[in-house]
Amino acid sequence: MTTVGVSLFRRSPEKITMKIATFLGLSFLLIASYFLICEAQHPGFQELLILEENMRDPENSKERSCAKPRENCNRMNILCCRGECVCPTFGDCFCYGD
């Protein structure tokens, strides 16, 4: 009787391996979906980091004190070098002009 009860609770190594693989696969999908959702909610996050880095760099401070045409102008209160800051209904504001 005890051998029947013990055999019911034993699991084959294949089933354990499949459960671990499934868990790791689902974990990867969850992390990837969080990344994609974050990128969708905050588009251009990498551009912002590059812009902040350039603004702090003393060599580029004069060159990057204003936004060039077609660059974003609504971040960090950056003014346009030439032209004006245009904000469409959807999307980021950008510098427009010569």
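Note: Cβ is positioned from N, Cα and C throughout, glycine not excepted.
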C95 forms a disulfide with which residue in Swiss-Prot, given the options C80, C81, C87?
C80
Candidates C66, C93 - disulfide partner of C81 as recorded in Swiss-Prot:
C66
Check for me: which candidate out of C73, C87 does Swiss-Prot give as the disulfide partner of C85?
C73
Closest by Cα to C66 (disulfide bond), out of the disulfide-bonded residues C73, C80, C95, is C80
Same-chain residues at least 6 positions away from C95 (disulfide bond) with a Cβ under 8 Å from its Cβ, in sequence order, are A67, K68, P69, R70, E71, C73, C80, C81, R82, G83, E84, C85, V86
